[in-house]
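Pulled from TrEMBL, these are the features on record:
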type     : residues                   : note
DOMAIN   : A:13-209                   : domain 'Succinylglutamate desuccinylase/Aspartoacylase catalytic'
BINDING  : A:HIS22, A:GLU25, A:HIS121 : Zn(2+) binding site
ACT_SITE : A:GLU183                   : active site, proton donor/acceptor
DOMAIN   : A:225-306                  : domain 'AstE/AspA barrel-sandwich hybrid'
Protein chains: 2
Amino acid sequence: MEVDEVVSLPRLSQVAVCGGTHGNELSGVYLIRELLKAKEKVMEKEVEESVSVLMVLSNPRAMQQCRRYIDTDLNRCFTHATLNGPMSDMAPYEIIRSRELNAMLGPKGSPEAVDLVCDLHNTTANMGLCLITYSDCDWICLHIFRHLQKLMSDIPLRYIHFDISNKESYSLDSVGKHGFAIEIGPQPHGVVRSNIYTLMKAGVQHMLDWVRSFNSGCIFEGGFVDVFTMVKHVDYPRDNETQNITAAIHPQLQDRDFCLLCPEDPLFQTFSGDTLRYKGTEPLYPFFINECAYYEKGIALSLARKRRVMVPAVRVQTEEEQQANKQKFTSEEDD
Amino acid sequence: MEVDEVVSLPRLSQVAVCGGTHGNELSGVYLIRELLKAKEKVMEKEVEESVSVLMVLSNPRAMQQCRRYIDTDLNRCFTHATLNGPMSDMAPYEIIRSRELNAMLGPKGSPEAVDLVCDLHNTTANMGLCLITYSDCDWICLHIFRHLQKLMSDIPLRYIHFDISNKESYSLDSVGKHGFAIEIGPQPHGVVRSNIYTLMKAGVQHMLDWVRSFNSGCIFEGGFVDVFTMVKHVDYPRDNETQNITAAIHPQLQDRDFCLLCPEDPLFQTFSGDTLRYKGTEPLYPFFINECAYYEKGIALSLARKRRVMVPAVRVQTEEEQQANKQKFTSEEDD
């Protein structure tokens, strides 16, 4: 592609904003409730919208108990295998709920799926605001990121990429044609902090504003984005017998998400006071440092490689382009 | 009492240090595990100790699930009424466990109770290190506080007093002849942060050092302590219908525990962005601001009055004084 080429992409008619996928990550829970109230008022006024926005509270039972999940982590249930596997009456609550959400927002991978899913999360890690995606070439996600970065320049924003196929992708946002999680921290789970809530609210509003501008025909200039691609997870040191952890994140690493971790840098401090060092050979960027919910998953932190990605200019497809695409799709189906 | 009078107090022969009373407050859980390991080593060496230290993991089932409690908050189960009420096979786990702990460390209010209970807690509030007690004239607790304050001068230390009778006092530390909670934050529940762990470890070590010095006959000079006496709790604004909270702690109040809150200061920020102000008439000191576990208890923050308390010099009773006291006690019993 040429640098000054403008890529035309299908209209984003349906957007879903989801909160409470983890029932104790409260910014999203309270934001969706607030947006639902605000939407009622807008609907009373019968405002014409260029985009239909669906607000979803994903895991109401976990929200009610202020827990991450009831039976199993809902945000790991959206693989093709889990969504399409056999189903019994004894299935865990989140397995049942993932199918309801897939029916509502998907089906995943189908032309009926909503155009964009934005799923709201919190972390106890000092990560600022992150977009987490499965793609380093989804121009919609990357442009939304650039838009947020431009308008929220007083806080750190990062774009995280999990290099996993659509089939294997497991999170709720993978159900949409495009999708990402907005992850904001630090905030303890079960707590709502005004500053974090306000950031999330601004992020969602800027995202929806971008979608409306895109649908209305604006051209968005291209440019570069730093993409953090996840390389590996690191577990805590553990006692062989009990599997209890024997060390915490080192005080010199704690809260330093996205600061380069070099070989021999302090990694953990054992409960008896010893320092354990990073034994990798490649400097990498740590993130999700000391995330509460990952103790049980065996993740003390994740490590990423940083890469600069060139994002092309984009605009929405014209009606003619859309018609042509539809015909192309139909004739392919006929083949 | 004269200012230069030295108060003599009974020896502290038995001390209990407890962690995991709330199963997701991890500093205490990992510290007690570590101290148990260290104790094994000391016992191998057969070191003669002037004090017998009992390390207790209070709520092992909640610890295993990394939850505050299984059925009900263990640290509200130690009132005389709950400890001595009728008991069924269907009793909540924590009711059963509170009686086991009372048998082990008490019985509460009896001469058999351990001399001192130190119960380890974490909070999501920015409270630094606090001692929480039921007395503003327990010279042992106040002297231990002064000792910690002297040796840990780089962090904020406060002495909190809940003005509740021994009969009504509900927490595990009320089972000992003397008792207090060490509360350290901010730390998300379910997370262990090295800096908070290290503070707690130092606090417990200094406390035990003080007890040993006291038992060995040292005289501890008197002086003043600022005591924060709890006046009242303040709940979040809530929706009449759903009882959901409609506001978070105001960003100007968040993390400002123990900074004087004056009438008309910002208190909450609603989820639609409005500021709600403190309508009290008396300036008071806020603490437990935005503590995770108190959402369900209807407490957004607590408010305290500050008062300066004169603490006399203390020393341990001589053997003669102890004998005289015992005889006095026995002759009172004979009456």
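Just so you know, glycine gets a Cβ as well, placed from its N, Cα and C.
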Of the residues in the domain 'AstE/AspA barrel-sandwich hybrid' (A:225-306), how many are helix, strand and coil by DSSP?
3 helix, 34 strand, 45 coil
Looking at the recorded positions A:HIS22, A:GLU25, A:HIS121, A:GLU183, which ones have a CB within reach of chain B, meaning under 8 Å Cβ to CB?
none
Across the domain 'Succinylglutamate desuccinylase/Aspartoacylase catalytic' (A:13-209), what is the average pLDDT of the model, as a whole number?
95
Between C-alpha atoms, which of these binding-site residues comes nearest to A:GLU183 (active site, proton donor/acceptor): A:HIS22, A:GLU25, A:HIS121?
A:HIS121
Fewest other CB within 10 angstroms, which one of the recorded positions A:GLU25, A:GLU183?
A:GLU183
Protein Cβ atoms within 10 Å of A:HIS22 (Zn(2+) binding site), excluding its own:
26
Output, ordered by sequence, the same-chain residues six or more apart from A:HIS121 (Zn(2+) binding site) with a CB under 8 Å from its CB, or 'none'.
A:THR21, A:HIS22, A:GLU25, A:GLY28, A:ALA181, A:ILE182, A:GLU183, A:ILE184
What is the set of residues, excluding A:HIS22, A:GLU25, A:HIS121, whose C-beta falls within 8 angstroms of the centroid of the C-beta atoms at the Zn(2+) site?
A:GLY20, A:THR21, A:ASN24, A:GLY28, A:ARG68, A:ASN75, A:LEU120, A:ASN122, A:THR123, A:HIS189
For A:HIS22 (Zn(2+) binding site), what is the secondary structure state per DSSP, taken as helix, strand or coil?
coil
Sort A:HIS121 (Zn(2+) binding site) into helix, strand or coil using the DSSP assignment.
strand
